[in-house]
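*Asks:* Dropping the structure in here first, questions after.
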Amino acid sequence: MKIKVVTVGKLKEKYLKDGIAEYSKRISRFAKFEMIELSDEKTPDKASESENQKILEIEGQRILSKIADRDFVIVLAIEGKTFFSEEFSKQLEETSIKGFSTLTFIIGGSLGLSSSVKNRANLSVSFGRLTLPHQLMRLVLVEQIYRAFTIQQGFPYHK
């Protein structure tokens, strides 16, 4: 199995990079792992709704270019489905059983995700109603992916 995480924007904070690197290394025991950072569009101060939509579409096209036809795509969106960690683990396991060899997670930029990206998704997941910086969400996501694998393997990490 291959896990891809496609994100918009460059990660600058060392503590987040270190955490992501640690969990990426741990995930690699279970699956091939790849983090893809795409450049974000500069959003003007007090941008109009049409300017925001144009930015979303440009970023959306960049995201879609990184998704293969056979990828199972999971977008992170506040309106998505919430899971307990055990349910999330089961979802990932079932996706693999259904024959998908690549799981692609998508984290949008500060404006979110375009409708074209959301429409391409096989599943929309929410980690709750809280608003988190998308940079921090990367770390939360890779930790939960690692946790999902440890649940599947019966490791004591998840208690």
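The backbone N, Cα and C atoms fix where each Cβ goes, and this holds for glycine too.
If you look up Swiss-Prot, you'll see Leu76, Gly108, Phe127, Gly128, Arg129, Leu130, Thr131, Leu132 marked as S-adenosyl-L-methionine binding site.
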*Asks:* Could you give the maximum C-alpha to C-alpha distance in Å for the residues Leu76, Gly108, Phe127, Gly128, Arg129, Leu130, Thr131, Leu132 that bind S-adenosyl-L-methionine per the record?
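*Replies:* Taking every pair of listed residues, the largest Cα separation comes to 16 Å.
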*Asks:* Which of the listed binding-site residues (Leu76, Leu130, Leu132) has the least company, meaning the fewest other Cβ atoms within 10 Å of its Cβ?
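*Replies:* Least crowded of the binding-site residues Leu76, Leu130, Leu132, by Cβ count within 10 Å, is Leu130.
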*Asks:* With Cβ-Cβ distance below 8 Å and at least 6 positions apart along the chain, what are the contacts of Arg129 (S-adenosyl-L-methionine binding site)? List them in sequence order.
*Replies:* Ile78
*Asks:* Counting all other Cβ atoms within 10 Å across every protein chain shown, which of the binding-site residues Gly108, Gly128 scores highest?
*Replies:* Gly108
*Asks:* Can you tell me how many other Cβ atoms are located within 10 Å of the Cβ belonging to Phe127 (S-adenosyl-L-methionine binding site)?
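*Replies:* That number is 17.
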